[in-house]
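Student: Shown below is the structure under consideration.
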Amino acid sequence: MVKHLLSAADLDRASAVHVLDTAAEMAATQAREIKKLPTLRGRTVVNLFFEDSTRTRISFETAAKRLSADVINFSAKGSSVSKGESLKDTALTLQAMGADGIVVRHHSSGAPHLLATAGWVDASVVNAGDGTHQHPTQALLDAFTIRRHLAGRGAAGAGASLDARSGVGHDLTGLHVAVVGDVLHSRVARSNVQLLTTLGARVTLVAPPTLVPVGVEAWPCAVSYDLDATLDEAPDAVMMLRVQRERMSAAGGGFFPSPLEYSRLFGLDARRLAALPGHAIVMHPGPMNRGLEISAEAADSVRSVIVEQVANGVAVRMAVLYLTLATKES
Ligand code: CP
């Protein structure tokens, strides 16, 4: 694998399947009584978070610890960033402390790329979400979850042998995934469109016109403004996106008339849940706005794999840390 993971576009089909297969091996180790592996003993991983996170930060920390790395958690709140310290000087500090891997979340799109390419650090850089740009490990854990549930429903990838339990060796060819909601502000949607199509799935983005990015016609997916019409196509997975109210407020608001109208037209409620095909799964990257983009019935239903996505995040991040760090020279 590449030294850094900055974007879902860094992965071609073979390398994406390799990450998913490695994650399946990692997941198997997590079912053991002793979950810890010695793989990254002696390596230091820094979680560098300039933006809030629950799932991503905790699962990267858990993943690094399960691989026996030393872990340093850095949050911009409470650090010298609040005194005006730059990304460069923060990076030079991490370099001086001997970081081997830096997991970075930043409010500015492109910050992980700058960190990886500016020459400030020797460490491998993993993007844990940058602005509205990319969140590649979220897309990988989503693909991993889809594969676990739906492998074998699409046509098998060329030459792939199917492990019926986990989908090892399989891509997502033939599957249809609907990604619904605030696409405009969503790094999860951008990453998933790239990764899921690389893996052979068909993706339909569903959103009000005000929440569709300019230039979306160049993306490798279909776009719909009608959720019910897309559900009539019987998608295999429905991924609901968080309405990012904080980014909407910062932009002056006005993206939809009212939460009630948004929910009525684009929310996954009990009626729409019942209209899904029997095998379809319901996904959400979290955090959820219950009652807005997803109802409690849908979030807590037997079709929901939302909690499983979080659990799979640990195995996928173990795989990414292993593949970017374990083969580096000490
Ligand atoms: N899905 C996701 O990135 O969640 P967090 O913001 O809690 O990390």
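Every residue gets a Cβ built from N, Cα and C, even glycine.
OK, TrEMBL features for this one:
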- Arg55, Thr56, Arg105, His135, Gln138, Gly286, Pro287: carbamoyl phosphate binding site (BINDING)
- Lys83, Arg187, Arg242: L-aspartate binding site (BINDING)
- 3-147: domain 'Aspartate/ornithine carbamoyltransferase carbamoyl-P binding' (DOMAIN)
- 174-323: domain 'Aspartate/ornithine carbamoyltransferase Asp/Orn-binding' (DOMAIN)
Student: State which of the following binding-site residues has the fewest other Cβ atoms within 10 Å around its Cβ: Gly286, Pro287.
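Tutor: Least crowded of the binding-site residues Gly286, Pro287, by Cβ count within 10 Å, is Pro287.
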Student: Checking the binding-site residues Arg55, Thr56, Arg187, Arg242, Gly286: which ones have Cβ within under 6 Å of ligand 1?
Tutor: Arg55, Thr56, Gly286
Student: Just to be sure I understand the packing, how many Cβ atoms besides its own are within 10 Å of the Cβ of Arg242 (L-aspartate binding site)?
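Tutor: Other Cβ atoms found within 10 Å: 19.
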Student: Work out how many Å separate Lys83 (L-aspartate binding site) and Arg105 (carbamoyl phosphate binding site) at their Cα atoms, rounded off.
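Tutor: Between the alpha carbons of Lys83 (L-aspartate binding site) and Arg105 (carbamoyl phosphate binding site) there are 19 Å.
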Student: Within a 10 Å radius of its Cβ, which of these binding-site residues (Lys83, Arg105, His135) has the fewest neighbouring Cβ atoms?
Tutor: Lys83
Student: Compute all pairwise C-alpha distances among Lys83, Arg187, Arg242, the residues listed as binding L-aspartate, and give the largest one in whole angstrom.
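Tutor: For the residues that bind L-aspartate, the greatest Cα distance is 31 Å.
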Student: Filter the binding-site residues Arg55, Thr56, His135, Gln138, Gly286, Pro287 down to those whose C-alpha lies within 10 angstroms of the C-alpha of Arg242 (L-aspartate binding site); answer none if the list is empty.
Tutor: Gly286, Pro287
Student: Can you give the mean pLDDT for the domain 'Aspartate/ornithine carbamoyltransferase carbamoyl-P binding' (3-147), rounded to a whole number?
Tutor: 96
